[in-house]
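Taken from TrEMBL, the feature domain 'RecF/RecN/SMC N-terminal' covers 3-359. Summarising the annotation, TrEMBL assigns ATP binding site to Gly30, Ala31, Asn32, Gly33, Ser34, Gly35, Lys36, Ser37.
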Amino acid sequence: MPIKALSVTGLRNLEPATLNFSSKINILYGANGSGKSSLLEAIYLLSLARSFRSTKIQTLIQHEAAETVVFAQLVASSEHNTNKIGIKRSRQGEFEIRINGENIKTIAQLARALPLQLLNSDSFLLLEGAPKLRRQFLDWGVFHVEHSFHSQWSRMQTSLKQRNSWLRHAIMDRQLLASWDKEFCAASESIDQARQNYIALLKPVFEQTLESLIKLPELSISYYRGWDKDSSLQSVLDNGLERDRILGYTQAGPQRADIRIKVGGHNAIEILSRGQQKLVVCALKLAQGYLLAQQMQQQCIYLIDDLPAELDKEHRKALSRLLEELNCQAFITGTDKETLLEGWQMDTPVAMFHVEHGRINLVE
Ligand SMILES: Nc1ncnc2c1ncn2[C@@H]1O[C@H](COP(=O)(O)OP(=O)(O)OP(=O)(O)O)[C@@H](O)[C@H]1O
């Protein structure tokens, strides 16, 4: 659901502000260091309770402030009943999350209420980065379309931790290991099934989205589940037990899953230019937004940091078309106002904000 109004206090260099946004395109322009990415961080905090720049919450909180508070009023919708989200994070690490005025305990509830995608220089490393990044990408989608996924994922993580801890014990209680294996395999099978289902839905949407951005007919995307596709996880665990004991961790399972992107049989990162890789990432992330709208009638918010630095004019225009088609809310930053204003259709609602020394002003 789009954000109608946002209040921010105590976040990086931003002055306390209450802002009204367009439910479609929001452009934030200003000099380097003015606070554009900080505003994106404020929105990101609302969805994930953390920063996208650092794992340390202290760096996000304004110097000398004790806490940061972000509050959003969402555009009302008949399908979803969340209309207010607020988060407070203190320097000591305490946090308070409120949805519709009620305290909530898990970040999963927050993420579900405000699905959000970030496109910045780090997220463009999706193809060349570690498999963990691609698993996070995949699980973002599965989490939003398959509501039982989160509990299966937690179950898998708990049993995996227990299993790994038992693997490191000098004397191993085989019975106990068997019981953790059973739990781990059951959760893993359902995670794998949910991921397979999601990839099957995502693939055609991704191919169509990519086609609108760039022609890469030989590009293919496939899913690796983390263990041999023709064997049961239990048999793979049994066969690998001695090696797992030597290593002290479980080698096979959904914690090793990956998405493989190839061009003509080669790993995409060995063939594609950096710009082409960024377009593939854009197509992947936009496809997730399309799928979310299709499957759950829910709109995803896009945060796109420094767009002109990432894509050339022609591809920025193609991306603008897709965002318009998706009918989503987007926050797009850059240093040059004119460049950011290019390429939108006449009837697209575009709100423009000038960011200067932490002050954000709507440009009428
Ligand atoms: N905890 C903090 N408290 C106060 N100011 C901070 C804090 N952390 C960072 N800053 C400052 O906030 C400013 C805003 O940075 P931000 O990354 O939001 O700018 P930007 O407009 O996105 O810049 P660029 O175009 O260079 O990416 C920077 O000058 C930075 O030094």
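The backbone N, Cα and C atoms fix where each Cβ goes, and this holds for glycine too.
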Residues among the binding-site residues Ala31, Asn32, Gly33, Ser34, Gly35, Lys36 that border ligand 1 - Cβ under 6 angstroms, in sequence order: Asn32, Gly33, Ser34, Gly35, Lys36
Neighbourhood of Ala31 (ATP binding site) by C-beta distance under 8 A, where only residues 6 or more apart in the same chain count: Thr335, Glu356
Those binding-site residues listed as Gly30, Gly33, Gly35, and which of them has the most Cβ atoms within 10 Å of its own Cβ: Gly35
Those residues of the chain, 6+ apart, with a Cβ under 8 Å from that of Asn32 (ATP binding site): Thr335
Neighbourhood of Lys36 (ATP binding site), C-beta criterion under 8 angstroms, separation at least six: Leu28, Tyr29, Gly30, Asp305, Asp306, Thr333, Gly334, Val355
The domain 'RecF/RecN/SMC N-terminal' (3-359) [mean pLDDT, rounded to integer]: 95
Which same-chain residues, if any, lie at least 6 apart from Ser37 (ATP binding site) yet have Cβ under 8 Å of it: Arg53, Asn120, Asp305, Asp306, Thr333
